[in-house]
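This report concerns only the one structure given below.
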Amino acid sequence: MLLLLASSVCEIHVCLPRKTFRAAMVLQRVIRAVIMGAPGSGKGTVSARITKTFVLQHLSSGDILRANIKSQTELGLLTKACIDQGQLVPDDVISRLILKHLRTMDQNSWLLDGFPRTVCQAEALDDAFIIDTVINLDVPFRTIQERLTSRWTHLPSGRVYNTDFNPPKVQGFDDNTGEPLVQRDDDKPETVIRRLKSYETQTEPVLEYYRSKGVLETFSGTETNKIWPHVEAFLHAKFSTLNQTK
């Protein structure tokens, strides 16, 4: 049975109606949302469903970072220099890079993925924007390990498949291009364990930060398709309330 936890005053129970919302919700005000979850938690799948259902723009911090490096912007070059030297990119550099991009989207509703990763970054984001809600996907590490070792990637596009629940149409090949899929080194068991422990250590303070602000909603389970209806129902209720208080 799916265990569903809600961290804010507005508690959600597993007895939520199973009604699904087919039409995209029209947002009458700009919405700022963040999604969090360990690698392999189903964050990409849930993000795609959120952006489709609620007409939010999905913003990946990794995509923003790579675009700046490719364009050789000042912050992109600074970030690349840190990465090339095997150093962690300072919080202020990452924050400036992401916030600069977000400020170009003042009139757009968005779902931010991959940022913030530290409390310092979360505070920088809060200084610039009011975050309406933070969705946290809490999936057992054992489940994630099984998922990631079944994950295959189309490297040129970054499209990810899973042989258990999101297989390609033709085994071993990308749906769009027909090019071969590969298993990344990051998806090997020993690497997965290390990444999950690192995520837990780094992210727990961020979750506590948002929990203390009353905007964190945590959804726990082992199957994305069972978690999603609860995420969807919560966001419909949340965004409907926000629309009324624009």
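Just so it is clear, glycine is given a Cβ too, placed from its N, Cα and C backbone atoms.
Feature list (source: TrEMBL):
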type	residues	note
BINDING	GLY40, SER41, GLY42, LYS43, GLY44, THR45, ARG151, VAL160, TYR161, THR224	GTP binding site
BINDING	SER61, ARG66, GLN87, LEU88, VAL89, GLY114, PHE115, PRO116, ARG117, GLN121, ARG184, ARG195	AMP binding site
DOMAIN	151-186	domain 'Adenylate kinase active site lid'
REGION	60-89	region 'NMPbind'
REGION	150-187	region 'LID'
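Summary: among the binding-site residues (GLY40, GLY42, GLY44), the fewest other C-beta atoms within 10 A of the C-beta are counted at GLY44. Long-range contacts of the region 'NMPbind' (60-89) within its own chain (CB-CB distance under 8 A, at least 6 residues past either end) are made by residues 96-98, 100-101, 112-115. On the 0 to 100 pLDDT scale, the region 'NMPbind' (60-89) averages 89 in this prediction.
For SER61 (AMP binding site), the nearest of the binding-site residues GLY40, GLY42, GLY44, ARG151, TYR161 in terms of C-alpha separation is GLY44. Looking only at the binding-site residues GLY44, ARG151, TYR161, the one with its C-alpha closest to PHE115 (AMP binding site) is GLY44.
Cα of VAL89 (AMP binding site) to Cα of ARG151 (GTP binding site): a span of 27 Å. When Cβ neighbours within 10 Å are tallied across all protein chains shown, the highest count among the binding-site residues PHE115, TYR161 belongs to PHE115. Using a 10 Å radius centred on the Cβ of GLN87 (AMP binding site) and all shown protein chains, the other Cβ atoms total 9.
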